[in-house]
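Feature annotations, courtesy of Swiss-Prot:
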REGION    1-402  region 'Carboxyphosphate synthetic domain'
BINDING   129, 169, 175, 176, 208, 210, 215, 241, 242, 243, 285, 299  ATP 1 binding site
DOMAIN    133-328  domain 'ATP-grasp 1'
BINDING   285, 299  Mn(2+) 1 binding site
BINDING   285, 299  Mg(2+) 1 binding site
BINDING   299, 301  Mg(2+) 2 binding site
BINDING   299, 301  Mn(2+) 2 binding site
REGION    547-929  region 'Carbamoyl phosphate synthetic domain'
DOMAIN    671-863  domain 'ATP-grasp 2'
BINDING   707, 747, 749, 754, 779, 780, 781, 782, 822, 834  ATP 2 binding site
BINDING   822, 834  Mg(2+) 3 binding site
BINDING   822, 834  Mn(2+) 3 binding site
BINDING   834, 836  Mg(2+) 4 binding site
BINDING   834, 836  Mn(2+) 4 binding site
DOMAIN    930-1028  domain 'MGS-like'
């Protein structure tokens, strides 16, 4: 069936700020769908509050609304844009839940908007636990024994029947939020109460425990003609009990027999048909009892999911794009496979390699949180690696996570290692180390329930490590031997660690033996047809499938796995660089290891290498492709850390040079440079040892801001107010950070106002692109503070001085590209805190606020264009206020106090735009899911809040200063840091923990009071800007 012509305008809902359980994969999915629908001639309207995404760029959708994802705001967009259809399956759980609300409250019916991609009934059957169980019973597919309960009393009755351990799954929540596995009756009561509260429909499913069973996922697509294809099978390395988003996963499934696979396949076909998903993709999860082969279905997601992104990258099959086209009427056999150009999308992908995904965690950001993994997702990012065997794929994935293969585990006692065999982020490394020590596969399997096949594969890697020492001197290894060793996935660094040589010597010996990798192509068909899409991975075999072209080419290094401090903002910058360089006539080569992102889409760069971002893997590609330039300044700290070694090995780094990066990041040379330029700085010193740190602290006086050099996201940064606090801090840092880092000690400017300044420089001219005023005072990490552009409270004279000083600094450093400078203003003086000669996390926000693609400009500067040629010679002065607010993941980390400090903790951001700064702030707060009340009670705790109280009272809120019994207020402002902050957060009450935040919150509520807030697209804002200028 050809595409529908009765639809003209299609509304797509994004997923909002990046959060745990809902990350960059939805930017990738949404971007793919937007491009596909636009190409088909549809008018596309997007609502998404997250400015750090590619999908919210003004040239993707026809109308882009950076507005809160709430029924009220989406209704306003629908009223204004009058879409014919709503496609809700590309924005994760947020979009699906919102679409269901708009359907239930009559908005869709009122404006004649059709749900496409999945109908309301299919969403209900797939998402509602009771409806799903009933549907499975009807088709004879077994589910875990369980019951949906709607009250604690009902739960207690059913628990008596089913016993412990028991699994609690709230309905309609994201990433397992509010759920868990209860091993004790006390835990059962606590988790069930929380789950009933967290579920938007106040119901939870109680299920028998299937801990230790094997877990599989099938990625399935179905069209209107009832053609169903299985895109891939995915097997969880970790057994049941760990959320699939936190599990190491492998595609295709490795331990299923053909009969078992066909059984899961048949079940999947029956399930997708019964649920009624007939225009898109679904992810179906199964558990298999290894004792008797009993199969039960765990759940399905009737939408594009995190696993869909992984399956797309693993196979080369663009699930989100195909799902969007099926939603507008196409059938699978009508859609061509982009990669082969001869097979239709109805052909199931076949792969002749193994893909491994390893999650990335951030428990170090939340000290005191237990790191046990369960049914609630806790990982903040992930890596993917491709190899010809599981062993090669696993070792490549491990080095992609940027964690040492052995590291601290070699120093641990065997008893301590055994203590790490429960589900936790360090279990894989503990398993490897125990197998090294002869623990044996049966003992490790008994303790972990990890399938013996996986453990025996790891045992083979460990045996090979020992064998390396019996192969004779490494200086005499011949090509064949090198190839056999490298085919197991060993890096040069790991080989060097085993044989006792530096990595560079191992590399030189390997190259002398002519043992270099070949590159294979991801083609969806196991090389049966020619592939036209250049998507590659390395291995050590004979045939190389990748022939470099003669065109001038530039390599762009991606940012690797998302983590707190290095998120989707850096992917945004690298993708913009790709587009800018393609426009300038260069062939672009992307190297990255993150399966969630737009940068690793096969049709973003001219060539994609899905490889670890390590010195060895990057240099192999550079030597293979011979580019004219390598760009390291856009992917965050990961590529920056490689810059110096790459340059020394002959990689042609373009843009800002490694020497400049070093000068800005090395505190002593940076301090000297600022002194030379006469830029005020807080008094500071650099200590090389703990003893020296204590001596310098006594000299500088307290309070001090302390941190190790070369970190991103304020890792291990703290404010210390006494010698005791400093000593505790030093003990922790030297235990946690590799090597012996130098420690920076800076006088802490208590109560100072911070500024973030993004600047472009071509070496001859520097232009400030935007100055952001932080809402929170100094002491809160810049990545966790809300900020407003342009500044609201500072004098024009001071801002002019900051602008001039920033531009002088950029020229003095010799920056060629982007520079981010942070300032602190106290008593009318602007002190420079730090300068980062790279893309910062504010680049997407500033680009959208000032209507200039800064990362594109940086890429053009890197290949020799000047700011004059680009047409960016003056600081833009937008006639609007833009506010960036952050999303904090405290709810996922039980018991952690939700107080902001110098270590970054946020995972994502939202943006609000208005002509009034406080209304922009109000929109940004709603966009970040902080629902500021316009009526009700505000509880204020702490000194210095009289002005806040007066503002809130004038806005009509009742202000109290003591809690009334157990009753929680509608808004909590608590600058004392009391435990009530955590309680309020868990109950969904908006919380504010800083005085500055309290002032902005009160003014925002007052500004919004009695106003009808309209909606305006980003394109309309930018046209308004263009007209004004």
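The count begins at 1 with the first shown residue.
Yeah, the Cβs are placed from backbone N, Cα and C, and that goes for glycine too.
Note that the structure is a prediction, hence the values are computed from the model and not measured.
All features noted in Swiss-Prot, drawn onto the structure.
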residue : record                : CB count, 10 Å
129     : ATP 1 binding site    : 23
208     : ATP 1 binding site    : 15
215     : ATP 1 binding site    : 22
299     : Mn(2+) 1 binding site : 17
301     : Mg(2+) 2 binding site : 22
707     : ATP 2 binding site    : 22
749     : ATP 2 binding site    : 21
779     : ATP 2 binding site    : 21
781     : ATP 2 binding site    : 23
836     : Mg(2+) 4 binding site : 21
Quick one: Cα separation, residue 301 (Mg(2+) 2 binding site) versus residue 285 (ATP 1 binding site), in Å?
9
Number of helical, extended and coil residues in the domain 'MGS-like' (930-1028), per DSSP:
41 helix, 16 strand, 42 coil
DSSP three-state call for residue 779 (ATP 2 binding site): helix, strand or coil?
coil
With H, G and I counted as helix, E and B as strand and the rest as coil, say where DSSP puts residue 749 (ATP 2 binding site).
coil
Where the distance is taken from Cα to Cα, which of the binding-site residues 299, 834, 836 turns out closest to residue 208 (ATP 1 binding site)?
299
Measuring Cα to Cα, how far is residue 781 (ATP 2 binding site) from residue 834 (Mg(2+) 3 binding site) in Å?
12
Can you tell me whether DSSP puts residue 129 (ATP 1 binding site) in helix, strand or coil?
helix
How many Å separate the Cα atoms of residue 779 (ATP 2 binding site) and residue 215 (ATP 1 binding site)?
44
Neighbours of residue 285 (ATP 1 binding site) among the binding-site residues 299, 707, 749, 822, 834, 836 (Cα to Cα, within 10 Å):
299
Which binding-site residues (129, 707, 834) fall within 10 Å of residue 299 (Mn(2+) 1 binding site) by Cα distance?
129
Within the predicted model, mean pLDDT of the region 'Carbamoyl phosphate synthetic domain' (547-929):
93
C-alpha spacing of residue 822 (ATP 2 binding site) relative to residue 242 (ATP 1 binding site), in angstrom:
40
Expressed to the nearest Å, what is the distance separating residue 822 (ATP 2 binding site) and residue 215 (ATP 1 binding site) at their Cα atoms?
47
Measuring Cα to Cα, how many Å separate residue 215 (ATP 1 binding site) from residue 749 (ATP 2 binding site)?
52
